[in-house]
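The structure under discussion appears below in the form of structure tokens.
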Amino acid sequence: MAKKQKKLDEISKKFGDERQKALDNALKNIEKDFGKGAIMRLGERAEQKVQVMSSGSLALDIALGAGGYPKGRIIEIYGPESSGKTTVALHAVAQAQKEGGIAAFIDAEHALDPSYAAALGVNIDELLLSQPDSGEQGLEIAGKLIDSGAVDLVVVDSVAALVPRAEIDGDIGDSHVGLQARMMSQAMRKLSASINKTKTIAIFINQLREKVGVMFGNPETTPGGRALKFYASVRLDVRGNTQIKGTGDEKDTNVGKETKIKVVKNKVAPPFKEAFVEIMYGEGISKTGELIKIATDLDIIKKAGAWYSYNDEKIGQGSENAKKYLADHPEVFGEIDRQVRVRYGLIDGDDMAEAVGNKAESPVETLEEVTLDLDDAIEIEE
């Protein structure tokens with residue numbers, strides 16, 4: 001019995017060695033034909049954690065779970081008219097430029113306001129802008145930019161405005177059933193691999209439509225077919241809520257609106273989280289406002305009555321004064337922002353602990369400067 005088992009083990013080992021040899025040869029041939037990295041074992045990848053770029057909003061970074069938009073993925077931002085979709089995308093553009101990247105904006109709606117973009121922090125002198133004549137042209141331009149590998153972020157505004165060339169050349173009233181959906185489906189098939197390879201973030205802004213005759217369920221849908229829904233790693237639903245009134249002389253004036261951003265699809269973190277931000281007219285997302293709210297909830301900023309304090313120091317009476325304090329003290333803003341991100345696990349706490357430790361008493365004492373004359377120096381040398 002033992003001899004039979006030993007023989008079976010030898011056969012299995014020999015057969016296993018032959019299989020491994022055949023697999024190694026196959027891997028070598030694949031790399032020879034298609035290049036190094038065409039196939040690999042998943043454990044061999046140096047970077048298994050998804051790389052992200054901040055969305056430009058702390059609340060949205062937290063809702064996304066990974067700390068921002070995943071690189072090399074497709075993002076869809078949709079919602080009703082004037083809900084803040086383009087504002088959310090422009091904050092991503094400003095963040096990409098802030099991190100030293102290059103951003104491109106495909107303005108299919110021909111409605112980009114350069115002044116508003118600049119107010120949100122976008123460097124309009126460095127922003128690549130295209131206003132295509134047709135949907136095919138816009139997607140082709142986006143594809144060439146992505147294939148170059150030199151662009152970090154591409155925004156398409158919007159999918160609904162990507163009109164197929166056949167529809168433009170035809171007459172109003174002509175039927176073009178499924179034309180835009182087929183165009184988007186082909187574009188997604190071509191772009192998805194290139195987007196992942198070049199680690200470019202592609203943001204597609206989309207509008208809302210309503211299905212006819214829907215009695216039960218949500219009648220809302222997005223134009224462009226289902227391809228974008230499938231290929232998108234993240235889908236954001238942007239909805240404007242209540243209006244924000246001003247203070248003082250502007251107490252009866254609408255100065256902004258509270259906006260809810262819901263992550264309805266997320267392939268890199270748990271979905272269905274929500275972010276509530278204040279979009280101020282002419283300014284964009286109030287970063288100081290969202291930081292105060294989140295830091296107060298985490299008890300990083302203390303609130304007693306109407307007063308806000310940080311590290312036992314009062315920073316303002318009322319939220320508006322606290323916002324002004326943080327805007328005037330960017331170092332305090334950055335310190336609180338880092339603490340919030342560490343608490344939510346968006347960044348590693350080791351770097352922050354090291355920075356805080358450096359502020360504490362140093363273990364190395366500072367030596368006083370001692371002046372020696374030449375005779376003392378010779379005596380020490382001897």
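Backbone N, Cα and C define each Cβ position, glycine as well.
For reference, Swiss-Prot has these:
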- GLY79, PRO80, GLU81, SER82, SER83, GLY84, LYS85, THR86: ATP binding site (BINDING)
Please list, in sequence order, every residue of the chain apart from GLY79, PRO80, GLU81, SER82, SER83, GLY84, LYS85, THR86 whose Cβ lies within 8 Å of the Cβ centroid of the ATP site. VAL238, GLY240
Checking the binding-site residues GLY79, PRO80, GLY84 for other Cβ atoms within 10 Å of each Cβ, the smallest tally belongs to PRO80
Counting Cβ neighbours within 10 Å across all chains shown, tell me which of the binding-site residues SER82, SER83 comes out on top. SER83
Using the structure shown, find which entry in GLU81, LYS85, THR86 (the binding-site residues) has the sparsest Cβ neighbourhood within 10 Å. GLU81
